[in-house]
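Taken verbatim from TrEMBL:
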type: ACT_SITE; residues: A:His132; note: active site
type: BINDING; residues: A:Asp217, A:Glu221; note: Mg(2+) 1 binding site
type: BINDING; residues: A:Ser278, A:Ser414; note: substrate binding site
type: DOMAIN; residues: A:14-208; note: domain 'KARI N-terminal Rossmann'
type: DOMAIN; residues: A:209-353; note: domain 'KARI C-terminal knotted'
type: DOMAIN; residues: A:355-486; note: domain 'KARI C-terminal knotted'
Amino acid sequence: MANYFNTLPLREQLEQLGKCRFMDSSEFADGVEALKGKKMVVIGCGAQGLNQGLNLRDSGLDVSYALREAAIAEKRQSWKNATENGFVVGTYEDLIPTADVVLNLTPDKQHTPVVKAVMPLMKEGACLSYSHGFNIVEEGMQIREDLTVIMVAPKCPGSEVRAEYVRGFGVPTLIAVHEDNDPKGEGLALAKAYAVGTGGHKAGVLMSSFIAEVKSDLMGEQTILCGMLQTGSILCFDKMVEEGIDAGYASKLIQYGWETVTEALKYGGVTNMLDRLSNPAKIKAFDLSEELKVIMRPLYNKHQDDIINGTFSRVMMEDWANDDKNLLGWRAETAETNFEKTPAGDVEISEQEFFDNGILMVAMVKAGVELAFETMTAAGIIAESAYYESLHETPLIANTIARKKLYEMNATISDTAEYGCYLYNHACLPLLGDFMKDIKTDVIGKGLDLEDAGVDNARLIEVNEALRSHPVEAIGGVLRGHMADMKKIV
Amino acid sequence: MDTQNSLDGIRLENLTVNFDEKFTLCNIDWTIEPSQHWVITGTNGSGKSALAAILAGVGEITSGKIEGVPNNIGLVSFEAQAELIANELKKDDADIMDVISLGTPVHEMIFTDCLEPELATELVEKFGLTSLMDRAFRKLSTGETRKVMLIRALSNKPDLLLLDEPFDGLDADTLAMLQAHLASIIETTPMIMVLNRFDEMPDFITHIAYMDKQGDSAGQLKYTVNRQDDVAYNELYQLLHLKTTDLDVPEMDESEKPPALDPSQPLVKLTDINIKYSDTVIVDKLNWTIEPGKHWQLSGPNGCGKTGILSLITGDHPQCYVNDIFVFGFQRGNGESIWQIKQYIGYVSTSLQWEYRVSTSCRNVIISGFFDSIGMYSRPSDKQKKIADEWLALLGMTDRADQPFNKLSYGDQRLLLIARAMVKHPPLLILDEPCLGLDDMNRQLVLALIEKICAGSETTVLYVNHHAEDKIKGIENYLAMTKNNE
């Protein structure tokens with residue numbers, strides 16, 4: 001199998017990368033009608049598989065689970081998940097031939113063997129659905145011509161997909177139709193009905209392409225989302241301890257700090273995140289982030305280049321073939337970092353203190369978000385996609401760090417994200433070595449020690465202007481506006 | 001007269017008093033310190049006036065003790081007024097003597113034995129009675145006799161003033177004058193007032209005693225609240241509001257009404273229900289039918305599957321797809337969505353309250369009931385906002401409409417969630433341990449609201465609890481569950 005993206009002419013590559021549109025809620029007026037009475041068979045009963053299935057069934061759709069014979073015979077966790085929730089469970093041979101839609105919700109790594117096993121069993125003209133396009137785009141899986149291939153990707157962990165549905169809402173969702181496999185022209189109708197079935201239409205749906213999804217998703221997750229937060233955690237913690245700050249305090253400031261500062265990001269973008277700082281601290285954070293962007297830009301470019309030309313997926317798949325030697329080794333290393341081993345101290349840190357004493361963390365988030373966004377859009381990915389895969393998802397990953405630190409964060413995200421995160425981390429730690437030498441506790445741990453909070457007017461205006469005029473803020477303003485219409489009216 | 005006594009305070013200890021064998025006040029414990037000014041309030045027929053009357057020596061003490069009551073009490077009440085009038089009528093011996101007697105004139109009523117005639121003169125003028133001084137007392141109107149009684153009580157250097165509904169029937173000017181006068185004597189004269197309405201309460205009142213009925217012929221002092229305690233004061237206000245106003249359930253939003261149900265069908269029919277986790281069977285072959293209009297109480301120990309059964313009905317339990325469940329015209333598992341089920345159900349539980357963590361206003365919490373959502377994700381119509389505001393008024397929480405839900409007290413949150421559940425007039429209202437975790441006063445509040453709902457609407461109530469004492473009037477069907485293996 002060859003990398004699908006690389007087989008396309010440049011014209012088409014650019015066209016596919018540039019696909020992303022925020023859909024209007026009126027486009028979902030038909031609800032789940034296109035899937036009513038159709039048999040949906042889910043493969044994989046992990047967090048996404050189970051929770052998407054629960055939502056679809058509660059929306060009145062017919063959902064069952066196909067598991068491998070061994071999983072059924074040994075009553076593995078996936079079998080338990082499905083049966084305890086009252087679903088019909090059967091083998092591939094039992095269920096796939098009856099399916100109108102097969103939902104492949106297994107981890108990326110299993111896609112090739114799963115799809116190869118399933119495809120011959122699928123009935124003529126059925127639909128195969130993915131929640132991530134890696135298999136199609138990077139591995140070049142060829143799907144039978146009579147089958148419709150769609151993607152419905154809720155942009156949240158499975159548990160959130162369920163929790164938001166139960167509250168009467170949903171999570172933002174990306175849908176796409178693989179144009180090479182849409183023989184009956186029904187792909188979009190099926191994808192929309194599926195998004196309604198999981199509740200995604202209430203939170204906002206992006207119409208994208210398999211290629212745009214894969215290339216932007218990979219870029220976002222390995223740089224700003226997971227990589228930057230992991231590298232930042234390690235560097236900031238070690239620096240604080242080196243400067244004599246209590247390790248418990250340092251651990252807590254970082255573990256919950258990412259979540260707190262990116263909450264401000266979620267509501268009002270980079271601008272609002274920096275507006276939470278005092279004027280002198282804002283200017284300081286701005287200067288640090290400018291410095292960081294210069295140092296890290298080549299690294300972001302390299303990640304994006306490797307993703308676009310397929311180097312990243314090739315190297316990672318080599319590791320898959322090598323029993324995940326690199327992945328498992330790096331995972332073990334993460335567990336051994338000082339930050340990971342130091343539990344958060346029993347100290348009170350107020351919401352504002354996370355900003356005041358975490359100026360460097362704010363600077364790192366700003367630098368990472370802006371770099372990822374700039375690099376993606378420079379590579380032909382449209383601003384909407386780039387926004388969702390950088391700024392929008394950062395608070396979600398920050399939440400997982402707040403819950404369980406780095407090791408568990410890496411266990412929660414996909415193998416692909418985890419692999420990319422380690423790649424980034426290994427390159428970024430040495431890259432920031434010199435930069436970190438000049439860092440003191442005024443920007444991480446203690447906050448600025450100032451006689452007065454005065455600043456130069458002209459400089460403040462300059463900084464505010466730069467913050468507000470960044471392109472990620474422009475598109476963010478538009479998309480958050482759309483979302484607010486659909487989202488919580490508080 | 002020895003006035004020292006009154007300064008030591010008044011104590012009622014476990015006091016039970018009979019009134020004419022028709023009414024009893026039971027087990028009253030009450031301490032009134034010298035610097036305090038009390039209002040007695042409570043539900044109708046709970047013995048508010050009787051409690052005040054005890055201090056004036058009315059009633060027969062059957063047990064407990066009362067001490068520290070001063071001798072010189074100024075008493076104004078309807079009962080005392082009626083008694084005075086009755087005495088006056090007795091003096092009218094016209095039938096026997098064959099002469100026309102006019103009875104005692106007003107000036108005599110006021111100035112005989114008066115300890116502060118100057119004050120009395122001043123008050124006569126202020127109350128506008130000057131022109132009536134020669135009139136016979138019993139010829140006065142009710143409002144005028146009330147004024148005479150007030151003047152008598154106030155101008156007699158009382159060691160304690162007992163005022164039972166003193167403001168009733170007074171015009172605005174007189175009311176203001178009286179309130180100002182009372183405020184001017186608070187340093188020297190302790191006061192106890194019976195008031196039905198909180199908004200008439202003078203600012204100088206320091207404490208509130210709340211009375212409630214115990215059956216038809218007994219009353220009890222339920223709560224004493226220091227007015228400085230804002231939380232308790234607000235709760236008491238709401239409780240009184242709920243107990244003393246007629247429940248006018250706000251109308252529903254007809255435009256959002258779900259398809260009508262067939263009245264001949266049961267709301268819920270569960271057949272041979274099983275719930276099991278791994279190999280543990282929680283519920284085994286349960287059959288249960290809920291007909292419209294038949295309120296149910298479901299009880300049983302923890303872990304017997306009460307909540308499991310409820311979530312089968314609401315569609316929140318994944319095993320609802322492997323059981324024989326008929327709800328609101330749907331046989332479950334035939335392509336219906338849970339939102340089609342939920343539109344017929346109002347639901348309140350402790351876990352809902354835990355899950356309701358979104359930061360949204362109290363008004364929006366109520367409106368979210370129209371959408372069966374936690375939080376608001378749709379724009380409400382003006383009509384829906386208006387209905388929500390009517391519910392807030394019903395709960396006595398109008399002033400909190402725009403406050404964030406998560407800043408409310410636990411009990412107020414619960415009340416709002418009940419309103420949220422009721423806002424669409426659901427055919428079925430499920431209350432899963434609605435009083436759990438609430439203090440006694442909040443429990444009274446919640447039960448008062450539920451009782452009104454049971455009595456006054458087209459909603460069938462399914463009430464779940466394990467506290468037998470939280471029985472609700474109007475519920476006549478009981479399902480007691482036991483643990484499966486017991």
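Glycine too: its Cβ is placed from the backbone N, Cα and C atoms.
TrEMBL annotations: computationally assigned, not manually curated.
On a predicted model such as this, the values are computed, not experimentally measured, just so you know.
Feature annotations (TrEMBL) mapped to structure.
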{"residue": "A:His132", "record": "active site", "DSSP (3 states)": "coil"}
{"residue": "A:Asp217", "record": "Mg(2+) 1 binding site", "DSSP (3 states)": "helix"}
{"residue": "A:Ser278", "record": "substrate binding site", "DSSP (3 states)": "coil"}
{"residue": "A:Ser414", "record": "substrate binding site", "DSSP (3 states)": "coil"}
Query = Using DSSP, how many residues in the domain 'KARI C-terminal knotted' (A:355-486) fall into helix, strand and coil?
reply = 101 helix, 0 strand, 31 coil
Query = In whole Å, how far is A:Glu221 (Mg(2+) 1 binding site) from A:His132 (active site) when you measure between their Cα atoms?
reply = 13
Note = Rounded Cα distance, in Å, between A:Ser414 (substrate binding site) and A:Glu221 (Mg(2+) 1 binding site) is 9
Request  = Determine, to the nearest whole angstrom, how far the Cα atom of A:Glu221 (Mg(2+) 1 binding site) is from the Cα atom of A:Ser278 (substrate binding site).
outcome  = 30
Query = Same-chain residues six or more away whose CB lies under 8 A from the CB of A:Asp217 (Mg(2+) 1 binding site)?
reply = A:His132, A:Glu389
Message = Could you tell me the mean pLDDT the prediction assigns to the domain 'KARI N-terminal Rossmann' (A:14-208)?
response = 94
Inquiry  = Using a Cβ cut-off under 8 Å and a sequence separation of 6 or more, which residues in the same chain sit near A:Ser278 (substrate binding site)?
reply    = A:Asp356, A:Leu448, A:Ala453
Ask   = 10 Å Cβ neighbour count around A:Glu221 (Mg(2+) 1 binding site)?
value = 25
Query = Tell me, how many other CB atoms lie within 10 A of the CB of A:His132 (active site), whichever protein chain they belong to?
reply = 23
Task = Specify the count of other C-beta atoms within 10 Å of the C-beta of A:Ser414 (substrate binding site).
result = 18
